[in-house]
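Student: The following block contains the structure, expressed as structure tokens.
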Amino acid sequence: MKKINSNPINVWALCLFFLFHFPANADKGYKLWLQYAPIADAVQREAYLEFFNQISVVGNSATHEVIRKELRLAFSGFFPNNAVPEIGDLESGNIWIGRSDVLPASVKESLGSRLSHLAGDGYMLSVYEGRVIISSKTDVGLLYGTFALLKAVQKREPLATLEILDNPRIATRMLNHWDNLNRTVERGYAGFSIWNWHRLPKHIDQQYIDYARANASIGINATSITNVNANALVLTPVYLEKAAALADAFRPYGIRIFLTARFNAPMQVGGLETADPLDPAVREWWKEKANEIYSFIPDFGGFLVKADSEGQPGPHNYGRTQADGANALAEALAPHGGLVMWRAFVYSEDTPTDRTKQAFDEFKPLDGKFNDNVIVQVKNGPLDFQPREPFHPLFGAMPETPLMMEFQITKEYLGQDTHWVNLASMWEETLQADTFAKGKGSTVSRVLDGTLHGYKHTAIAGVANIGTDRNWTGHPMAQADWYSFGRLAWNPEADIREIAEDWLKMTFTNDPSFVDPVVDVMIKSHAILVDYMTPLGLHHIMARSHHWGPGPWVTGGRRDDWTATYYHRASEDGIGFDRTEAGSNALEQYAPEVRDQWRNPDTISLDYLLWFHRVAWDKPLATGNTLWEEMALRYQRGVEGARWMKQTWLAQEGRIDEDRFEHVRSFLAIQVDEAEWWRDACLLYFQQFAQQPLPSGVEAPKYDLEYYQQFRRFFVPGI
Ligand code: BDP
């Protein structure tokens, strides 16, 4: 064993190292994209100081106070050697922040009609007589505008020419936490839940405030804090008091709280004999419950509900429809202005049809039957957050019922915490997909922002990827997914390359020799992951239960629709799920123009081939390869892509802090290993049916199939 060196000089050196090096670097992970790094260039610093030395924030709400706080924090980060100036509320600031109804007349006049374009919590940044004016109709809009200003400084953009008018396109932009009251997080890979229920309501952890700051900085304005697999206890006074404390902490940041409602709560915590949504006593119970909740949380957002799915109780238990169920809760919330977000992720092993068809079959006939404070929350694809899915056929199919999107930010099926994959690319694919509901250009993003069908409510949710890990998200690069979600929620048509660039600059450095290659990695990472996990439209071929790693052999057990063989159906004749007329006809759920794109196995994009078609192994594809060759080459291409990501990252050494550089480096080593594992395991398994050798260029697997099938890991997180 090595002797511990007790030389005092070394001990001091070590202490100094930890004091000045380690904590600062470790903090960088915690600070997310709000680093406010010192402005090193003297000329630039002086130029910014001109503005920052005189700031006015006009108004006295709690939100105004958090704006002042944020500006002070940013100031001390940008200008560490300057004393933070007093923030005035006079009319003299070189940065002037105030609502549009208190703007001085001269400024109002000069901004003219532009002011009238402000909507909702939108904001504008404008330069008038050398002063930056930040204005909005609402206090929260001012906070958003302040973050936009700080972003510009973080990106070292000149303030003198700043002109921004930015309105949110979707009204409710929310995180869904799948957090349990015991602090485990379902499908969470970044530690435990950040909600410390035991210490609430008295202790408000600084992390709650930093959570709210981070969310407000990207426009997130709602959060559902408990798991959709719900525990009814959260609706009892003991927990409501705790939830209220969180709501109080978040309110100045414009964030409203939602709770998940267990459908049989009237029985579980209300002592009723039934939870039948048409039973008057049950309806009365929900009304009283809503009144009680609003007495704790006056601006409570509403309920998020998972019903009749994966063992959760729901209206089916009483022979009622999803609309009956949702409306009972909606009726109770309506007098308070609350919303019900009713999930469309409803399917059952007892329903004999293709699982991907079930939500449409159930919800489409109910279009127009929901109360007008119900929004139906639909996952991006018809199955379940796979690395790639076609868009959910409900989008475009329910003109009379507001639909909202549910994306999964946590990476249940995409390598969990250790794989770097920029989810914005995947989301963009869905958001830009054309439903053809009202002819060409009827994109999913237009369904969501309400412009396609004139929805009364618009909303979008992302299943959170954060936990108690020091850097919030486990993988340092997974912070980008939280960030990108917020940006796309604000504007689903935003440019994802620009989002990635902004995030990198704010989180790491403006150095283009770092930003340019790393943006490239981010943008390509999703295609790479799909290649090494589920190329050609393969889906649900991951290991059972924890969903980590490959499991194309998973078969049998309690539910067929939870196996891999149900979905890939590989045999010597071929592979793939026939969802055309000759098969399950899931294709029929899409508009005719979409069907035409996907109906023909010769012309469908290869990305969706095996999702919709069953294909012979030796079928020649447009690429000139047979199906088997193409599959093998794509798996190989994915592995090479992961290696390229790693090489590109290694070249970044020295351009950012060592702590985060090392963290990403070690995770990329895992990612490359696991990409090879996916390739080898899947190709060996499918080769049994294809009965052909690997094409040239595809590396030989490291082990035999049995090795991969026997491979077990215990206590994989997130279950
Ligand atoms: C699946 C997850 C499961 C969730 C479910 C849901 O495996 O943990 O409860 O989705 O969205 O992806 O309700």
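Indices start at 1 and increase along the chain as displayed.
Placement of Cβ uses the backbone N, Cα and C atoms for every residue, glycine included.
Caution: TrEMBL annotation is automatic and unverified by curators.
As annotated in TrEMBL:
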type	residues	note
ACT_SITE	Glu310	active site, proton donor
ACT_SITE	Asp384	active site, proton acceptor
ACT_SITE	Glu412	active site, proton acceptor
DOMAIN	32-149	domain 'Alpha glucuronidase N-terminal'
DOMAIN	153-472	domain 'Glycosyl hydrolase family 67 catalytic'
DOMAIN	473-698	domain 'Glycosyl hydrolase family 67 C-terminal'
Student: Glu310, Asp384, Glu412: which of these active-site residues has the sparsest Cβ neighbourhood within 10 Å?
Tutor: Glu310
Student: Within the domain 'Alpha glucuronidase N-terminal' (32-149), count helix residues (DSSP H, G, I), strand residues (E, B) and coil residues, in that order.
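Tutor: Grouping H, G, I as helix and E, B as strand yields 55 helix, 22 strand, 41 coil.
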Student: Would you mind reading off the Cα separation of the residue listed as 'active site, proton donor' from Asp384 (active site, proton acceptor), to the nearest angstrom?
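Tutor: Just about 12 Å between their Cα atoms.
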Student: Within the domain 'Glycosyl hydrolase family 67 catalytic' (153-472) only, compute the mean pLDDT.
Tutor: 98
Student: Quick check for the class: what is the C-alpha distance, in angstrom and rounded, between Glu412 (active site, proton acceptor) and Asp384 (active site, proton acceptor)?
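Tutor: Answer for this pair: 10 Å between alpha carbons.
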